Amino acid sequence: MIRRFLERIWHVVYPWVNWFQKVNAFLEKIAVPLVSRWMMGVFFAGALITLLIQVLAIQHRYQIDYGEAPLVDQAMRLSQGINIYRNNLETPPYTISNYPPLYILAITPWVSLFGPNFWAGRLISTLCAWWTAWMIYRIVFRLSGDRWAALAGGLFFIANPFVSHWSALLRIDLLALAFAVTGLELLSRVPLSTRSFWGGACCLVAAIFTRQSYALAAPLAAFIWLLFEDKAKALRLVLSVGAISLLLAGVLNVMTKGGFFFNIVTANVNEFGWERLRWNLTHLWDVLRYLLVLGAISFLQHPLRSRSWRLTAPFLVGASLSALTIGKIGSNVNYFMELCAALALAGGSVLAKIRQNPHLAWAQVLLFVFLGFQGVGMIRISLDEFGSDLAGRMKRVHELRRLEALVSAVDGPVLADEYMGMITLNRRPLYLQPFELTQLAKAGIWDETPLAESIRNKEFDLILIHYFPFFDVYKERWTPVMLAMIERNYEVFETLADTRVYIPRK
């Protein structure tokens, strides 16, 4: 009786099972190759868009981002043997070096050879972005043996609109990320040679001394990976990276008489806003939702059965924790750089796992379709957001040249915010970093009274304040006292590229 019952069930189910097998075979043979090629083509196009943006940014003479000019200024001072980590702000210049020195050291020779410029630092960022994509490819391929999935992982990173934006700038983050991911590539080698171990450890230290927040995600991922492979080496890595980092920080702090700690820690604490965090996380979801889902799926792998989980999961956790600090005032998409790399690694690894199971052809088709549309959206955002901003700046190059000429024509000190690069291009040191010092004034760490008196006494030949069309960023960069003194003692002479040029009232 039971046998007859089971036979009846089988007669009902069998046609559906047979149909599903035929559909799956069709999908595996025809649909999967077509959809996967389309998806890969979309991400290749995204990578080309990133390259185009990078090339355009490198050849653009003028400042694109507020944070570029302070780094060039620090490189100028280093080339002259001047300490960039001052231990107080009682006298001008009122500037802060809030990052470790490695990236600044990297651009210093180029500033010495060619004079103050932005192209060299942008070129370094561009090369580091492509190097990071290559390291992601190597890691995914080593873990999975799937070149296609490894290539997809690399493209997930380089086609990312946050990466296309930030890798085109003279900023520290892509060099730090390149060091971090290179460290993971070296430390995840099996068997792990002594040379690879120490090379990886040094890369992790280099990442930390490029950007201090990189002390979390990559070291955590390397430690968890080695914990599964060799517990003794995992402990040795923690002790080595920790000891070397503390020793170098101590030496720098002694050499600068406490200035290194003051700049990196004391003067680097900005106001945190929950609404700012919410907005940025919402934006992250809008831009990368399917890659985020793919990253979440990667956690479902069993750590004892999946070697890729041991590297990608802790890296994703650490990068996510670091990304939460984007709630700080003045933050930007650079806080997402590690997360972008972690998502690319996890995404490539998940694709490799799914491709290993031919019975999941339907899942492959769905996944490739969603990721393809993700890639289309990423291209649109790369072009609409940073691409359009860069194009707008390039269209106004005549106004920027006029702005540069105005700064060049005066002999006295100049204050500026968005376009303080006009000061460095004229081979002059910065007198003030307005955003950083405004935040320190709000925190009670810096007394703005001497600067306010200098403005009242009209000691500055020009003051350049940028007014963004849709957001009052200038209120984050200048204190109410500074703005009041400027309005009272200066008048608008000209407006160029959304920047008001103030001259002393007669």
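Keep in mind that glycine also has a Cβ here, set from the backbone N, Cα and C atoms.
What TrEMBL says about this protein:
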DOMAIN    100-248  domain 'Glycosyltransferase RgtA/B/C/D-like'
TRANSMEM  38-58  transmembrane segment
TRANSMEM  119-137  transmembrane segment
TRANSMEM  149-168  transmembrane segment
TRANSMEM  204-228  transmembrane segment
TRANSMEM  234-254  transmembrane segment
Could you pull the average pLDDT for the domain 'Glycosyltransferase RgtA/B/C/D-like' (100-248)? 97
Residue list, the transmembrane segment (234-254) vs rest of chain: Cβ under 8 Å, 6 or more residues beyond ends. 85, 100-101, 187, 197-198, 200-202, 204-205, 208-209, 215, 219, 222-224, 226-227, 260-261
The domain 'Glycosyltransferase RgtA/B/C/D-like' (100-248): DSSP-derived helix, strand, coil residue counts: 122 helix, 0 strand, 27 coil
Do at least three CB pairs under 8 A connect the transmembrane segment (149-168) and the transmembrane segment (38-58), leaving out pairs fewer than 6 apart in sequence? yes
